[in-house]
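Structure first, then comments.
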Ligand SMILES: CC(=O)N[C@H]1[C@@H](OP(=O)(O)O)O[C@H](CO)[C@@H](O)[C@@H]1O
Ligand SMILES: [Mg+2]
């Protein structure tokens, strides 16, 4: 890249976005995140990266989402969608780190020149690169989106298209559809979900429907707002939406999926009057969901019975397995697999294994799980925190669609095939999606005639505890690829093993967070007291080795 016009364009626009002193960013588990007031230069630079990515991939559309998901309101961040709708390819993360941290416009230009040459990217007025932009409801979103637009269009021949406020999975879905030559607007997303939901409802065999109202906690973010729109198109689902963000509540503050899953307590806006009712919480950008209910014996307390990502995964696995069973030998040959992380509750892993499914483990972060799920005909992946989806391979889908044409309408086999096709359309194939996940849970519960309590009985969670430990340098913790053993600091793993041995069904591990400046401790044991005590002793070890 030695085109003078291009260099001048980047030098000019980057001078509008100077990098704050002492800013040191790392791409992390799910993109860049931090205090919103410090991120203008980062977002602008990632705008440039998105354009280059589009040009590298024959001008396919790239998605750039301005969000900090479950973080506090004053934070913001960026998530990128590759043309497939999945996360940005990990090979580009080091370049993202480099340009986000480049200390001056000249340094930025030289990094870009080097990279463009290495990757063989051709830039020109007519190159036709395209980046689609979305943002969550954070007040800093509009300003940062402007910075992204300027970054995108500072690469010659590239344009940014602003889609305003969206959920993260909506943008990923739209990018995927666009690159497949399909209808790709937000209303197409709603139409696709509505049609497949309707189809699945129509295929429910018995009248044992569970039509009781569902209560949704929208985390005061974008998810509740979008569910309000979708609700207008749906029949067969009665949902009351709370924490919409219009009633004075603050985004993610004592509300939302991350809060409910980590604290296991009721979100604001829910209480005694809701005892026993089926409830669901979304996170701030609606790519995660967890279900919960307030138990009868809560006696005014705030504890909830949590149905986390593991339980959602188990419900999905059960339903899909049931459909495959109706397909006889061909169903048996289908490779249905499950992907979890080290944070999955041990009882859920036992449950899916007992069902006869293959279970593989991936590192924390959906980019890792997604990759492993693609190895199956049908791959179901979920993090315990509620982020996950179901992937159907291209070859399995063409087999399934062919099969649907062969079978006679109304037969058990035909219905099973039609359900699987509808699930593949309902569940977001690009990325975990709270809205589509909710619709699938609701359909399956109606199909089974189950209450939330009945669903919760699939297995009993092993008591667990998560603790965060603040240390001077979290990168001093280095783990094995499955994140279950610490290789560094030397000696800490032996000490952790020594603690684990003291507990029945004890399991514990540590890893540095990729989104917060903490080391995370996870512990499981046969009682809650034991899990708490194991977590605390491991946290003490972390403090003494790293404090
Ligand atoms: C234990 C945990 O919940 N970790 C979360 C959290 O990552 P950390 O790297 O653990 O901070 O945020 C990620 C992005 O949202 C999510 O994918 C992941 O599951
Ligand atoms: Mg999120």
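A Cβ is built for glycine as well, from the same backbone N, Cα and C atoms used for every other residue.
Because TrEMBL annotations are produced automatically, they should be read as predictions rather than curated entries.
Per TrEMBL, these features apply:
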type	residues	note
ACT_SITE	69	active site, phosphoserine intermediate
BINDING	69, 283, 285, 287	Mg(2+) binding site
BINDING	383, 384, 385, 511, 512, 513, 514, 515, 520	substrate binding site
DOMAIN	60-93	domain 'Alpha-D-phosphohexomutase alpha/beta/alpha'
DOMAIN	116-179	domain 'Alpha-D-phosphohexomutase alpha/beta/alpha'
DOMAIN	184-290	domain 'Phosphoacetylglucosamine mutase AMG1'
DOMAIN	308-450	domain 'Phosphoacetylglucosamine mutase AMG1'
DOMAIN	468-540	domain 'Alpha-D-phosphohexomutase C-terminal'
Inset, instruction - Consider the recorded positions 69, 383, 385, 512, 514 and say which one has the Cα lying nearest the Cα of residue 285 (Mg(2+) binding site). - result: 69
Legend entry - Under 8 Å by Cβ from residue 520 (substrate binding site), same chain, sequence gap 6 or more: 466, 467, 468, 469, 510, 511, 512, 513
Legend entry - Range from 60-93, 308-450, 468-540 with most C-beta pairs under 8 A to the domain 'Phosphoacetylglucosamine mutase AMG1' (184-290): 308-450
Inset, instruction - Please find which two of 383, 384, 385, 511, 512, 513, 514, 515, 520 have the most distant C-alpha atoms, given that the record lists them as binding substrate, and give only that distance in angstrom, rounded to a whole number. - result: 17
Legend entry - residue 69 (active site, phosphoserine intermediate), number of other Cβ atoms within 10 Å: 28
Inset, instruction - Using CB under 6 Å from any atom of ligand 1, narrow the binding-site residues 283, 285, 287, 512, 514 to the ones that qualify. - result: 514
Inset, instruction - Report, in whole Å, the straight Cα-to-Cα distance of residue 287 (Mg(2+) binding site) from residue 383 (substrate binding site). - result: 11
Legend entry - Alpha-carbon distance [residue 385 (substrate binding site); residue 283 (Mg(2+) binding site)] in Å: 10
Inset, instruction - May I ask for the residues of the chain that lie six or more residues beyond the domain 'Alpha-D-phosphohexomutase alpha/beta/alpha' (60-93) and have a Cβ under 8 Å from a Cβ within it? - result: 27, 30-37, 39, 42-43, 46-47, 49-51, 53-54, 130-136, 138-141, 144-145, 148, 152, 160, 166, 168, 171-179, 219, 250-253, 256-259, 283-285, 287-288, 366-367, 370, 429-431, 515
